[in-house]
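Asks: One structure is given below, represented as structure tokens, and several questions about it will come after.
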Ligand code: 5GP
Ligand code: ZN
């Protein structure tokens, strides 16, 4: 939206005889922010519109509201009702102050500017649910696992969502929070990765990395979620973020340690049919060096012997 700020402000000033209060300019800018307008369309439909309809004061036809009996009102009556509404608004504002907008304050403790920046950068300035760009809709930094569910204030647990996706998530999320407590602590007593005592190389809230005990190349590393789950397909978005973050670190460290590393194969084996031997989801980070096999063409496509070439 930033590209329209200047013409909107100049136009407002021209239309206000050259001078305007900052709140008037802000309101003018706001009128162009479709995500804010969408938010209040939802409020109109789901809250105030619904109440006024149930009291038989308005009618709704498709996307329009009509005041019932408007045609029978005299100009004097219209004037009186407007005055009455204005009085009610002013009384309410006086009583509640700014507290009436409290519901719009998403986070009690705001996410710092630098963390916000990192999340938006990681998302390449797009909503991570619908893909809309930050130029089209304001993006918010959302807790993937809500805070009241024990979700952490950590970059792994943040995602960039546009206003609409964030509002929809809130509207449709009827998760029983109690059931999810401890979710990320799930362990399997029979699992060697849940119970192993590994020398962790990198760690964050939801994942850690360690060297593979039977490496296929030097520095072959595994990255696993702390929660026990079987395959890649069981990972949550927060765990994917956590594993992705560690993969970047692992890669940086390996290439800093070993200049012969020229590339990587990254992969998850999912299920026995695909060759998985340890039933705790893990990402293989396999450093590759020029000449380590006679012909590297095909990389992971060589999982089916002889099929890697085309
Ligand atoms: P999968 O075949 O399930 O994709 O991979 C399992 C990986 O875990 C293998 O690369 C294997 O070498 C590794 N692995 C198995 N047991 C251990 C262990 O006790 N310690 C470590 N560090 N790696 C293990
Ligand atoms: Zn496990």
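From the backbone N, Cα and C atoms, a Cβ is placed for every residue, glycine too.
Note that TrEMBL annotation is computational and uncurated.
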Asks: So which range, 280-284, 285-289, 290-294, gets flagged motif 'Histidine triad motif' in TrEMBL?
Replies: 280-284
Asks: What does DSSP give as the helix, strand and coil breakdown of the motif 'Histidine triad motif' (280-284)?
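Replies: For that range the per-state counts are 0 helix, 2 strand, 3 coil.
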Asks: How many helix, strand and coil residues does the domain 'HIT' (189-295) contain under DSSP?
Replies: 31 helix, 26 strand, 50 coil
Asks: In the predicted model, what is the mean pLDDT computed over the motif 'Histidine triad motif' (280-284)?
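Replies: When the pLDDT values over the motif 'Histidine triad motif' (280-284) are averaged, the result is 98.
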